[in-house]
Amino acid sequence: MADDFSQRPPGRQADEAIVPLTGERGNNDKKKGGWKDKKNTIKKSFKVKSNDEKKTEDLAELKKEMKMDEHRIPLEELCAAYETDIERGLTSAQAEKVLARDGLNALSPPRTTPEWVKFCKNLFGGFALLLWVGALLCYVAHTVDAMTLEHPSKDNLYLGIVLMTVVIITGCFQYFQERKSSQIMESFKNLVPTFALIIRDGEKRQIPSANLVVGDIVEVKGGDRIPADIRIIRAHGFKVDNSSLTGESEPQTRTNEQSEDEPLEARNLAFFSTNAVEGTATGVVVNTGDRTVMGRIAHLASDLDSGKTPIAREIEHFIHIITAVAVFLGVTFFIIAFILGYHWLTAVVFLIGIIVANVPEGLIATVTVCLTLTAKRMAQRNCLVKNLEAVETLGSTSTICSDKTGTLTQNRQNDCRPHLAEFKY
């Protein structure tokens, strides 16, 4: 019986951290050449770590050289270790066992913010918080008037209600606008389900790519999306587009020749999520889901902090200035009123009134409406805005730097207007 080096835990759990992609496959490595010095693919860690420690480890992991050895191992040993047959593939029983162990061939979705948190952020975050404070002070001022005056004015009460109404309406409007865009983006994921042509039980069959397992024999052709990390068994003029991974715009030739190069440069590996440009190939699946090269990159990238948007920083700075000015003026007039002999409750009303007067009630509604109108105009050009603040961020961008062809382009050259001598076409 070949040593089973493919016994790997299922996808990333809450207390697991992914470390180098491939590694030790079993306990009998010393019996076969080329299987020494291998590291665990997935390392369990039950120690609770802080966010800073986790970010430091992730950044260090990102800097590490890609470690894979499937491209160096003789093909016969690789297939024997995965208990698969080049011509007949896995059996259905084997595939079910591996699928139960490793999980679906899909990337773990990034952590998302709960909807109630998004709603509360729109309702109480940023400038809205200042308006809530202003509304509360209006109610306090109205209460003081009601306690001290026989016929109190209801101006402060009405102003407080107006402030609350403005905050609630704009917050709900912004939330539902972002929610609508997010739902449209989510619907795109299932718009065109991907399938893979595999050999299982000696028969060719088409299955959803999510059901692929390590050891499956896969056939791909030009125009297909590589369904997992595969080691090439046979290839006929096969080329892949690795621009999404390496930034290389030229199609890369793939063959079944054993390679000693680095994984991303190996000619006998094709990676998950890249596209087959031309030719045909047959390969054995060596990594699925989060254990693929793309899965590892996605895992590390999902934990990066995006930071605050420019408009969020500007609004925060504006709030600090407005708050400081309002408090300074309010306290100043409170002291002056107290010195002039006014009752202290009346002085408090002056204090609250001046603070509320410095709150720009219409600013949040104006900003929300402007960003929403811009987002709708962009939607007419097939550009969805998931976060309204991103509209201002894009507008304030002066330079966009990208090192990957196809990120902002189609990785395709077009001849739009040829010129020949004095003739134009």
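Glycine is treated like the rest: Cβ placed from N, Cα and C.
Annotated region 'Disordered' per TrEMBL: 1-51 (among others), in sequence order.
The compositional bias 'Basic and acidic residues' annotation in TrEMBL covers 26-40.
Note on the domain 'Cation-transporting P-type ATPase N-terminal' (69-143): its mean pLDDT in the predicted model is 85. Residues or ranges marked as domain 'Cation-transporting P-type ATPase N-terminal' in TrEMBL: 69-143.
Summarising the annotation, TrEMBL assigns transmembrane segment to 123-142 (among others).
The transmembrane segment feature in TrEMBL is assigned to 157-176 (among others).
Annotation source TrEMBL lists region 'Disordered' at 242-263 (among others). Residue counts for the region 'Disordered' (242-263) by DSSP state, with H, G and I taken as helix and E and B as strand, are 5 helix, 2 strand, 15 coil.
As annotated by TrEMBL, compositional bias 'Polar residues' applies to 242-256.
Sequence annotations record features per position, and here TrEMBL assigns transmembrane segment to 318-342 (among others).
Residues 127-128, 130-131, 133-134, 137-138, 140-141, 144-145, 156, 159, 162-163, 166-167, 169-170, 173-174, 311, 315, 322, 325-327, 329-331, 333-334, 337, 342, 388-389, 391-392 of the same chain lie 6 or more positions beyond the ends of the transmembrane segment (348-371) yet place their CB under 8 Å from a CB of it. Residues annotated as transmembrane segment in TrEMBL: 348-371 (among others).
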